[in-house]
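The annotation active site, N6-AMP-lysine intermediate is assigned in Swiss-Prot to Lys121 on the grounds of sequence analysis. The NAD(+) binding site annotation in Swiss-Prot covers Asp38, Ala39, Glu40, Tyr41, Asp42, Ser87, Leu88, Glu119, Arg142, Glu179, Lys296, Lys320 and is backed by sequence analysis. The annotation Zn(2+) binding site is assigned in Swiss-Prot to Cys414, Cys417, Cys432, Cys438 on the grounds of sequence analysis. Look at Swiss-Prot and you will find 597-680 tagged as domain 'BRCT'.
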Amino acid sequence: MSNLSLFDDVSAEIAQLREQIRYHNYRYYALDEPQIPDAEYDRLMQRLRELEAQYPASVTPDSPTQRVGAAPLSAFQTVEHQIPMLSLDNAFEEADVIAFNQRILDRLKSTENIEYACELKLDGLAVSLLYRDGVLVRGATRGDGSKGEDITQNLRTIASVPLKLLGEGYPAVLEVRGEVYMPKAGFNALNEKARSTGEKLFVNPRNAAAGALRQLDSRITASRPLEMCAYSVGLVEGGELPGTHTGILAALKSWGFLTNKETATASTIADCIAFYQSIQARRDSLAYDIDGIVFKVNARELQESLGFISRAPRWAIAYKFPAQEEMTVLQDVEFQVGRTGAVTPVARLQPVFVGGVTVSNATLHNRDEIQRLGIMIGDTVIVRRAGDVIPQIVQVVESRRPTDARPVLFPDHCPVCGSPVETLEDEAIARCSGGLVCAAQRKEAIKHFASRKALDVEGLGDKLVEQLVDTGLVSKLADIYQLTGEQLAAMERMGEKSADNLLQALEASKHTTLAKFIYALGIREIGEATARNLANHFGSLEKLAEADEETLVQVNDVGPVGAHFVAEFFAQESNRQAVADLRAAGIHWQDLDVSTIEDLPLKGLTYVLTGTLEVMSRDDAKAHLLALGAKVAGSVSAKTDYVVAGPGAGSKLQKARELNLNVMDEEALLDLLRKHGRLE
């Protein structure tokens, strides 16, 4: 037999082994119906390893043998989610779920029952898996929803993550979203092993899963008992998906993904609540941790009609399980001062294990909450992890109150700077009146200014900000741009290299956008989306600073409260000086050429971008359209006016044609932008 014939035979055997192993992985992980014993599976895998060792050129990234982990990385790379990974609104009571259903009916102008998909909310970490032509090319964390970290090597080690999709009919580009978690049995075994070797135990399965996913050495991840359960899709191009959420889950299962077997449909909101109650009753007997049930409108057409708010879809809600509660003793109450001067009482507790973690602090919110609880230092209290995340005191056990219990005295003066504490007539929150004179407010203002969604100064972390303010090197925002390498290198846990990297990050942050700068200023009630609306409306900081409240409320998403705080911010000379100092330090952006909102040429028009744009990025195209007054939506509906379709446009383009909508290519978009002065 010739060498060529031998190689052909080996290649055929390797291909057959890979297909067999993928098939049996699918039977085992997705269907939970193995067809062969573990020993036979091990023999198939061993034979494949032997052949690949003899013929290294035959090894491909999607081979089942490549799950073992690769060489350690020095750091994770940042990746941008083309379609944001939004969070979900939460419901904590049955009334919240009923209200959610009513909002949907009202928005759809319908009295008919809505069909919902009911899914278990796995307690793990959300991830994104990107497939091109059926092959896994990238895996990422959710991150802040817009940007995450590239953890492809780690995700490849998880057996329930398909490296190559099964079957046919999947889109050319498919982004699958799911939850990586650690089953209880695997978690217990992991901790038992750690206990036997004297290592530190993991607190709960979620923390163990998070630690495993964020290992720079994927071989460590490969040794951890992780699973990935698919629950939705993101980017889809070059193919069609079923018209319901449950249909999509069925398709994902057929392509090799693990989906949750408990998922069901409910024809009424009462059925949703009954499903929640049935799962809650056997929550502890499940093989994995869950922290609630997610209800999603099942029909994709209705999902698209309902749309999104800036942080979450309108068509889904997470009904959280009641938090676990424990009793402990309130040892003291301290008062913290936040970025906007809010003085918040923080309970210092005798440490107690509740909801899977050891809790020693809890929020008391404000003076009204202290009075409502009737709490005293020394009391025995019931602590709950609200939403299984934020510990809070929900009740005082007065029968256990000691004779030496002391009242909680709310301060009249700021515990940090000594300025008077004020409470507005219509607010429950007490605030330090010191403004940026207060070191605590300065610290929080700088942290916000440097945060990822603001000016994104990488390396300027919370602890370093604390040091810089405490040592007097930074007394106002602009001071961070006057820091020297020598000053930074002298800080704790800093060296010359870290100092140089931070100086470069500070320099890079000087080139920003008007929207990010407005957000970075930390004006009360002005979040990321509202800052963008203000930038698009006024075009320049000067025009924004001159606007009165009556003008400001005309801006989309700006109400009377937000308008008041914006006007108040720019009316204060100290804030105007802070802005001037920042601009003098070199912070700059390109002003937007906009006039009044009535004159914006695309006002009232809705655009959808799909496919790949070649001359500019989709983000740039979106920014130009927004600046001209258009609304840019993420999905096609009958309300869409124009669809901009680049190469690779898929289901959105097809739907646009079905609805007989106006479709334009990138060149037509560029002509439109030139016509209105956005491009030369």
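Glycine residues also receive a Cβ, built from the backbone N, Cα and C atoms like all the rest.
All features noted in Swiss-Prot, drawn onto the structure.
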residue	record	Cβ contacts under 8 Å, 6 or more apart
Glu40	NAD(+) binding site	none
Asp42	NAD(+) binding site	none
Leu88	NAD(+) binding site	Val294, Ala312, Pro313, Ala316, Ile317, Ala318
Lys121	active site, N6-AMP-lysine intermediate	Ile290, Asp291, Gly292, Ile293, Val294, Ala318, Lys320
Arg142	NAD(+) binding site	Met85, Leu125, Ala126, Val127, Ser128, Gly148
Lys296	NAD(+) binding site	Tyr116, Ala117, Glu119, His245, Gln303, Trp315, Ala316
Cys414	Zn(2+) binding site	Val337, Val343, Pro420, Val421, Cys432, Ser433, Gly434, Cys438, Ala440
Cys417	Zn(2+) binding site	Cys432, Gly434, Val437, Cys438, Ala439, Ala440
The domain 'BRCT' (597-680), counted residue by residue under DSSP: helix, strand, coil:
31 helix, 15 strand, 38 coil
Take every residue in the domain 'BRCT' (597-680), average their pLDDT values, and give the whole-number result.
84
Counting other CB atoms within 10 A of each CB, which of the binding-site residues Cys432, Cys438 comes out lowest?
Cys438
DSSP-derived structure type at Cys438 (Zn(2+) binding site), helix or strand or else coil:
coil
If you take the centroid of the Cβ atoms of Cys414, Cys417, Cys432, Cys438, the listed Zn(2+) site, which other residues of that chain have their Cβ within 8 Å of it?
Val337, Gly341, His413, Pro415, Val416, Gly418, Ser419, Ser433, Gly434, Val437, Ala439, Ala440, Gln441
